[in-house]
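Feature annotations, courtesy of TrEMBL:
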DOMAIN    1-423  domain 'Major facilitator superfamily (MFS) profile'
TRANSMEM  49-66  transmembrane segment
TRANSMEM  78-95  transmembrane segment
TRANSMEM  138-160  transmembrane segment
TRANSMEM  219-246  transmembrane segment
TRANSMEM  266-288  transmembrane segment
TRANSMEM  300-318  transmembrane segment
TRANSMEM  324-343  transmembrane segment
TRANSMEM  355-376  transmembrane segment
TRANSMEM  396-418  transmembrane segment
Amino acid sequence: MAKMRVPKRYIIVFLTFLCTNACYVERVGFPIAYTDAADNAKINESSKGLILSVFYYGYVISQIPGGWAAQRFGGRRVLLWSFVMWSFTCAFTPLDPERTTFLILSRLLIGVGQGFIFPSIHTVLAQWVPPHERSRSVSLTTSGMYLGAACGTLILPSLVRYGSRWIFRIEAFLGFLWSLIWYKFSVDPPRTSMGEGSLPISRSRERLKLTNRIPWKRIIFSLPVWAIVVNNFTFHYALYVLMNWLPTYFDKGLQTSLEELGFSKMAPYIFMFLFSNIGGAVADHLITKRMFSITWTRKLLNTIGFMVSAVALMVLPLVRTVSWTLICASISLGSLALGRAGFAVNHMDVAPKYAGIVMGVSNTAGTVAGIVGVWLTGLMLESSKKESEDLTSFEGWKMVFLVQGFLCIISSVVYLAFSTGERIFE
């Protein structure tokens, strides 16, 4: 029997899925390990917040440089270098809450290392994946984030009993293991248009010439690019606010701890994993069968995802029960993941040659949204706390979820008005 040959692009996509999975295991793992060690050392909340936030500052400043580096040196190489960098740093991160300077530097380096990853991934996928497979390829890749977060949240806390340092060791091991697999099985895309992917890339000299012609001004002033940026901002605003503040809502607003929720606390992440892949499959089906153009496929799924999420977010503070809160949160995040088949794939539609650059620009906005959203939510709750003396009042939480809901509606309208699925950067 002839040996079945798996198309190389399928292997590349699957490896990028494992890549995002490992990254998010690390992201949820550090707070678990550090919080346990910091609590034992009696570190105050302000110091904890500083250490936990440093990662995102490194992450946000490296997005656009990551897109440039992927364009200049090739996404495959930059992806490998960045993975080795954060894995090595993670392996030698000191888990001593008293050594604040070393912790800040290590978290900053890990943030920078992971900041190069998504622009590099988009550069790689733009080179390998043909247009009719882009939606499900990007959706599968990004769904690794949600599965990694779910698995990390469920499994890593059990390692604390053996010592918090074990979490760092597991994360570093996963990072080095993925790096070895990527080094062995990844290759540069075909050099001619007869290859598997949609964007032929030849020698590094041609990449250099391409880099020198990056149309920065057109990218910055492009309305379709801004449509992507606005929706990336809103997606991460809602995601980070729910990830960071939903546990507090359960604890203070609903008087229920996460431990009491058991496996059900994984529901929002599982919904994101499922609907991310469903959205990608539906989008590619609509495009392949020519039921809709690429433009209207992106608009349709983005609109459905963000509008449904908006409704769920606005209903969430009204239901006031644990089960219905979980349902609303799962629908909201699942719908946003569905919407990624719109805006998140759109980088490769409008600028396949510069997908890493556009991804770097939009992901910078997304990371800023996470930082601003978490901080602004804290201010809103602190103001509410002063008025009602605690966070058990549902009135104090309404504004938190309404802001997210209105942002989803505004972003959906912006995307409907200005997005396109056509290539606008040659």
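Cβ from N, Cα, C; glycine included.
Tertiary neighbourhood of the transmembrane segment (78-95): same-chain residues 19, 26, 33-34, 37, 66, 69-70, 102-103, 106-107, 109-110, 112-117, 120-121, 123-124, 164-165, 168-169, 171-172, 174-176, 178-179, 182-183, 186, selected by CB-CB distance under 8 Å and a gap of 6+ residues from either end. Note on the transmembrane segment (219-246): residues 149, 268, 302, 306, 309, 313, 329, 332-333, 336, 339-340, 342-344, 346-347, 350-351, 354, 357-358, 361-363, 365-374, 377, 381, 400, 404, 407-408, 410-412, 414-415, 417-420, 424-425 of its chain, located 6 or more positions outside it, place their CB under 8 angstroms from a CB of the stretch. The transmembrane segment (138-160) makes no contact with the transmembrane segment (355-376): fewer than 3 of their CB pairs lie within 8 A, with pairs spaced 6 or more apart in sequence. With a cut-off of 8 Å between Cβ atoms, the residues of this chain six or more beyond the transmembrane segment (324-343) that come close are 135, 138-139, 142-143, 146, 227-228, 231-232, 235, 238-239, 242, 246, 249-250, 254, 261, 264-265, 267-276, 278-280, 282-283, 297-306, 308-309, 312-313, 315-316, 362, 408, 415, 419.
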